[in-house]
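For reference, the structure is listed below as structure tokens.
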Amino acid sequence: MSNWDTKFLKKGYTFDDVLLIPAESHVLPNEVDLKTKLADNLTLNIPIITAAMDTVTGSKMAIAIARAGGLGVIHKNMSITEQAEEVRKVKRSENGVIIDPFFLTPEHKVSEAEELMQRYRISGVPIVETLANRKLVGIITNRDMRFISNYNAPISEHMTSEHLVTAAVGTDLETAERILHEHRIEKLPLVDNSGRLSGLITIKDIEKVIEFPHAAKDEFGRLLVAAAVGVTSDTFERAEALFEAGADAIVIDTAHGHSAGVLRKIAEIRAHFPNRTLIAGNIATAEGARALYDAGVDVVKVGIGPGSICTTRVVAGVGVPQVTAIYDAAAVAREYGKTIIADGGIKYSGDIVKALAAGGNAVMLGSMFAGTDEAPGETEIYQGRKFKTYRGMGSIAAMKKGSSDRYFQGSVNEANKLVPEGIEGRVAYKGAASDIVFQMLGGIRSGMGYVGAGDIQELHENAQFVEMSGAGLIESHPHDVQITNEAPNYSVH
């Protein structure tokens, strides 16, 4: 039988329990480097990841956060085909060079070209002699189709085939931009020595490179994206489809990552995908992190029950206050030379700084993005104000939609037999995700400047915390005043 001292191991701290101590600094906020390397093929320019929740991250959110320099994790409350399509939308939204452009043949109907353009929001399609030889013979664009009345006509009757402007494989963006401007065209097909279509550069993608200089991209200039899978019978099929669609990582998403069945499944996934990036969680202890790394995970997700819509801690009585959980898991991550993501409990940009200072390499956010334009949640008006729906993946509605396996209830068929660990609610409408990111980054840079940390590694090494009393927390917030105009980075919860 354990004695009192071993039963109650230690005190746990969360964000409202601590503050970072300001220190001598030679770092200005605008000099701070926020780049973070999570895995060999996964380097972000900002340490922000949007949660794999069905009211937070679809393709629109993933595109927005990747353009800002972060990473979106596409939720799994949809069919395998639908989720893979969401990944493709992100990967095709922006390219340095499109290495696998869509193409049709002269025999295809104009209607097929139109359907392809509308589906993927592109303005033109290269035309090849045959699907087998891929020899470029023309291109059809929106301009070619503008006055067509017979959409059953073959593309050969309307495509541009003479005086095609092309470039060789390996042409850089600067040269491509010059060619596009010189010929007043929007698309530049890349061909090999045999005239075979091997890539495509568009003026739109070049403009996006200029507009979003800090975007998080893969080696081909495409936006980074991850996607969630569960521990179910379709795990391998789903993971295969997601990687095939271009996912840079998969997130094995469960409520309790330190579970024998989960660890066995992760080891099988690692054996099946030996060279892919695997993120898994959630855990809240050093032992949990160690078990996941031993199973083959690259990045561990930390947090059991800290989220605003999560009820695990009160329904199950289980969890570890988030700052302590991050700190303990980070110590193990350093042993393995790997990384962690702090998932949940963050309300303000200052909490992000605390999460990083405690050892996090990035943070995962749900509620802070749920109210944005890009979030999939429905918009509603309540008492004259605009809100968006937000629900935990452990809520009844989300579990019925497909997330019940996350809470080890995948075999439950009746809604009234589900035991939820989350709630459904609403959050205030916030506008564009880019505006939220701007304010977040300003707060993170400011915090790192206060403690003299030029990058996240220095923050790990040099930051020190002070425990805060309840009175200290009251003092930390605006007090003894009635707020008349809310600041863009602060609201009363």
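Quick reminder: no glycine exception, Cβ is built from N, Cα and C everywhere.
Taken verbatim from Swiss-Prot:
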BINDING   ASP253, GLY303, ILE304, GLY305  NAD(+) binding site
BINDING   GLY305, GLY307, CYS310, GLU475, SER476, HIS477  K(+) binding site
BINDING   SER308, ASP343, GLY344, GLY345, GLY366, SER367, TYR390, ARG391, GLY392, MET393, GLY394, GLU421  IMP binding site
DOMAIN    97-155  domain 'CBS 1'
DOMAIN    159-219  domain 'CBS 2'
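Structural mapping of features recorded in Swiss-Prot.
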residue : record              : DSSP (3 states)
ASP253  : NAD(+) binding site : strand
ILE304  : NAD(+) binding site : coil
CYS310  : K(+) binding site   : strand
GLY344  : IMP binding site    : coil
TYR390  : IMP binding site    : strand
GLU475  : K(+) binding site   : helix
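Across the domain 'CBS 2' (159-219), DSSP assigns 20 helix, 16 strand, 25 coil.
Counting other Cβ atoms within 10 Å of each Cβ, the lowest count among the binding-site residues SER308, SER476 belongs to SER476. The average pLDDT the prediction assigns to the domain 'CBS 2' (159-219) is 91. SER308 (IMP binding site) sits 19 Å from HIS477 (K(+) binding site), taking the C-alpha atoms as the reference points. Our reading of the NAD(+) binding annotation (ASP253, GLY303, ILE304, GLY305) yields a largest Cα to Cα distance of 14 angstrom. GLY305 (NAD(+) binding site) sits 8 Å from GLY344 (IMP binding site), taking the Cα positions as reference.
Looking at GLY303 (NAD(+) binding site) and GLY392 (IMP binding site), their Cα atoms lie 14 Å from each other. The least crowded of the binding-site residues ASP253, GLU475, judged by other CB atoms within 10 A of its own CB, is GLU475. Taking the mean position of the Cβ atoms of ASP253, GLY303, ILE304, GLY305 as the NAD(+) site, the remaining same-chain residues with a Cβ inside 8 Å of that point are ALA255, GLY281, ASN282, ILE283, ALA284, LYS301, VAL302, PRO306, GLY307, CYS310, THR312, GLY319, ASP343, GLY344.
Sequence-distant contacts (6 or more apart, same chain, Cβ under 8 Å) of GLY307 (K(+) binding site) comprise ASP343, GLY344, GLY345, GLY366, SER367, GLY392, GLY422.
Note: the Cα of ASP253 (NAD(+) binding site) and the Cα of TYR390 (IMP binding site) are spaced 19 Å from each other. Within the same chain, residues at least six positions away from TYR390 (IMP binding site) with a Cβ under 8 Å of its Cβ are THR55, VAL56, ILE309, GLY366, SER367, ALA370, GLY371, ALA375, GLY377, GLU424, GLY425, ARG426, VAL427. Between the C-alpha atoms of ILE304 (NAD(+) binding site) and CYS310 (K(+) binding site), the distance comes to 9 Å.
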